[in-house]
Amino acid sequence: MERGNQTEVGNFLLLGFAEDSDIRLLLYGLFLSVYLVTITGNLLIILTISSDSHLHTPMYFFLSNLSFADICFTSTTVPKMLVTIQTQSKMITFAGCLTQIFFFTAFGCLDNLLLTVIAYDRFVAICHPLHYMVIMNPRLCGLLVLGSWCISVMGSLLETLTILRLSFCTNMEIPHFFCDPSEVLRLSCSDTFINNIVMYFMTIVLGVFPLSGILFSYSQIFSSILRVSSARGLHKAFSTCGSHLSMVSLFYGTGLGVYLSSAAAPSSRRSLMASVMYSMVTPMLNPFIYSLRNRDMKGSLGRLLLRATSLNEGTIAKLS
């Protein structure tokens with residue numbers, strides 16, 4: 001195989017999904033629908049929270065940031081995949097591939113850190129309710145979100161820059177619908193020891209530590225809940241945490257599925273579908289989980305849609 005440094009590398013080929021035209025059209029319609037639902041649902045969450053003063057609390061502030069991160073996360077890979085399916089042009093430049101890796105990693109890490117921040121918020125709300133507004137003040141909330149952004153960007157930048165030092169073989173085919181970092185490393189003709197060290201370091205710092213924080217927070221939460229004697233208090237505590245636990249389970253469950261399927265059978269169809277669940281289905285379901293399980297969100301969303309409908313009817317009446 002020929003070798004060349006990053007300035008000589010041509011295009012990567014994203015092999016993606018099936019070649020059959022009927023299946024391709026079906027996949028295009030399915031993925032486009034999922035993407036539109038994801039964008040619409042998360043935008044509605046953001047608009048609902050921003051338009052209702054009753055939702056201007058730390059939990060919903062973090063949720064709106066999570067919805068924005070989900071929009072960006074899925075937009076990193078899905079539009080390119082839709083273009084590839086429609087046009088059958090599988091090429092992506094080296095610069096385009098690096099850009100995709102950077103944003104995919106950054107917003108994936110941001111999702112992870114924001115889920116940890118929300119777990120901490122629930123811990124304070126349930127275990128220290130009398131001091132909640134003092135502890136979760138606007139300054140701390142802003143610092144937690146800003147810190148999550150900075151850590152995610154720095155971690156993603158570190159991983160992306162280490163790829164620049166690699167040499168690659170020609171005719172590079174990525175058996176995926178996006179530039180997955182682990183698949184890109186497999187195509188390298190250089191020693192990837194440093195890259196693997198960086199990847200494992202990021203997994204520990206931005207994956208294992210946040211998950212440990214979430215588990216610790218909920219161990220304290222459940223311990224506190226069990227000391228609540230009121231049935232109403234128990235129901236409120238469980239309903240408050242239920243949505244977030246569902247999101248954590250979905251996020252880490254699909255992420256673990258991607259890791260296990262890749263480790264068991266690299267570049268397999270199972271790994272491809274697990275990545276679809278992780279990068280598309282999870283961001284789509286997040287707004288539904290919160291809006292359907294949260295009475296405040298459902299009420300505010302209903303009022304927002306009612307105002308929008310009334311405004312639309314008024315505009316049509318004036319035009320007619």
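The backbone N, Cα and C atoms fix where each Cβ goes, and this holds for glycine too.
Since this is a predicted model, take the numbers as computed values, not measurements.
TrEMBL has this to say about the protein:
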- 41-290: domain 'G-protein coupled receptors family 1 profile' (DOMAIN)
- 25-47: transmembrane segment (TRANSMEM)
- 98-120: transmembrane segment (TRANSMEM)
- 140-158: transmembrane segment (TRANSMEM)
- 197-216: transmembrane segment (TRANSMEM)
- 237-260: transmembrane segment (TRANSMEM)
- 272-292: transmembrane segment (TRANSMEM)
Query - Long-range neighbours of the transmembrane segment (25-47), counting only residues six or more past its ends (CB under 8 A) - result: 17-18, 63-64, 67-68, 70-71, 74-75, 78-79, 81-82, 85-86, 280-281, 283-284, 286-288, 290-291, 297, 301, 304
Query - Beyond the flanks of the transmembrane segment (140-158) by 6 or more, those residues with Cβ under 8 Å of it - result: 58, 61-62, 65, 101-103, 105-107, 109-110, 113-114, 117, 120, 198, 202, 205-206
Report summary line: Model confidence over the domain 'G-protein coupled receptors family 1 profile' (41-290), as mean pLDDT, sits at 85
Query raised in the report: Which residues of the same chain, at least 6 past either end of the transmembrane segment (197-216), have a Cβ under 8 Å from a Cβ in it?
Result: 105, 109, 112-113, 115-116, 119-120, 151-152, 155, 158-159, 162, 181-182, 185, 248, 252, 255
